[in-house]
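Peer 1: The structure under discussion is supplied below as structure tokens; questions concerning it will follow.
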């Protein structure tokens, strides 16, 4: 055995790959003979990696060993020097050429060159119209990948991931993927899979229902649903509900709400718990096949990577079957026994746990079960059961890829392909469920939807449009490397959307009363304000204009300063939309010497000299509360001990929330509903908070306006 492993590693296989190959008797025998044939041709014991890779690929595909010598010799002589030749040219020169394999290879190469077929490619249409329809379809596909509607001109997620997506296998061609393990039954299983799916791409978004989704999940949602949608496929929402201790109804509901809020409709909503009986039966089968055993090592002993080998690893199969049944019947205490799989993961961890005992009622199955499967056992099997084609997951799961393939193959089941991508990280925040719970428990934030957090419920409450979040995910793109992004990039996407969708209103956060003395006491007129000044055809609203108005305190200075363009005793200012210019006549102060009121006169802006600035104002306004948000943490990386030695709780920004309880807003917003969004002119973008009542509207500042910081 050691000699064979050494032989396989000599052609470029890793030691782990060599050992895995050795477990497949037919494959290892074919590969060994192929290497010997190549060595005879080369007259040396050394076979370089290029030849070795082709020999392995040939051996894993070959069904008739009569062809072994011919192919091995041609590979050694470099007459066959590529995968394309191996699958196509070599076969076409022989009577036994496999037309289906050749077609698959041609299709794969076309996919690499042109990308997946669009609906227009699949439809039979008259030739003159085909090009036009295809062109429109491509545009629609790129727009629709972020949801059910187009969201502006931001490049779609599929445009961004085009380079990575070209590496993806076509449905049924899983075996073409690097690292995929081919068994004697693989092609038959793939055939049955294709018969069931009809060649359709099937993905899944598989969150744990033990917390609220965050901005990183938005990328995963866009990737899984977007990739399926762009390829006319389907995507499941599957709850990984295998840990009853931490799962609650509110998390199930919130997760589905957020997926739909982002614009996606799952093909089906499933649960790992839907398959508990099937998963248990497969575990029994795994034991019978000699690939799993019941172990009594304690949980503390199993932590980390230098776990001592289990003394129960080689216990008889029948004994493990009896003990596993006793685990199911509740005859062991928690922690007294686990079911472990006989395999080594890519990170060196041995024999991961497949089942553990938990005497906790399950959210959906009640007390029917007291043993629950782990992620390492459940995930790939649920993917297989649901005939998933592309199991898309973040980079940290790469260490579990070998166990994913091993388990499906150990049970002789259809094996999907796992593809990893870099997760999305943001600075100035934490997204760990444990740390968010700590922020809630210590009163730093109110709950999971506090607008200073980057959970999706918090971003919705703050007023971030779902289109903006999807556009942000598209701009960040999908790469295999981890990315850390600044929040201002997300905020820029928010402004882009709100600038086109949030109607204008006028609000004064720190009011200063202004009396226009040359207007009659009972003077009142209606002023028309466009909802979108850049496009007045999109509608308008009216606001009252009377003798008493309110302006921002910061829009008046008693002493003129160089560069200041707003109202002073020497400098008039225009009133936006009103058609008036006002000039200060008298300053009224309170007992503390603070400016409390201004008396001014007004004249038409048509006859007055053009003022240096126009300011916003309100008249007969509504009182409201305004909440202004800043970054929750002072440092970019609050979890990094080198930046924040005393931990993330010591890094809270004391000015992350400012509440203005007596702001004033014009009456155009009085019928607003929760989450309705507005641009308060010259102030920022705001959204109506769920805390609002009929008597008191509450607005959250979503983002500030995108203005030149030096402009006043």
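Cβ atoms here come from the backbone N, Cα and C positions, even for glycine.
Per TrEMBL, the feature domain 'Glutaminyl-tRNA synthetase class Ib non-specific RNA-binding' maps to 3-87, 102-191. Marked as domain 'Glutamyl/glutaminyl-tRNA synthetase class Ib catalytic' by TrEMBL: 200-499. Annotated domain 'Glutamyl/glutaminyl-tRNA synthetase class Ib anti-codon binding' per TrEMBL: 502-601, in sequence order. Residues or ranges marked as domain 'tRNA synthetases class I (E and Q) anti-codon binding' by TrEMBL: 614-689.
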Peer 1: Give me the DSSP three-state residue breakdown of the domain 'Glutaminyl-tRNA synthetase class Ib non-specific RNA-binding' (3-87), ordered helix, strand, coil.
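Peer 2: Split into helix, strand and coil, the domain 'Glutaminyl-tRNA synthetase class Ib non-specific RNA-binding' (3-87) gives 64 helix, 0 strand, 21 coil.
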Peer 1: Can you break down the domain 'Glutamyl/glutaminyl-tRNA synthetase class Ib anti-codon binding' (502-601) into helix, strand and coil residue counts using DSSP?
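Peer 2: Reading the DSSP string over the domain 'Glutamyl/glutaminyl-tRNA synthetase class Ib anti-codon binding' (502-601) gives 6 helix, 53 strand, 41 coil.
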Peer 1: Over the domain 'Glutaminyl-tRNA synthetase class Ib non-specific RNA-binding' (102-191), what is the model's average pLDDT?
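Peer 2: The predicted confidence over the domain 'Glutaminyl-tRNA synthetase class Ib non-specific RNA-binding' (102-191), as a mean pLDDT, is 57.
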Peer 1: Please count the residues of the domain 'tRNA synthetases class I (E and Q) anti-codon binding' (614-689) that DSSP assigns to helix (H, G, I), strand (E, B) and coil.
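Peer 2: The composition, in the requested order, is 7 helix, 31 strand, 38 coil.
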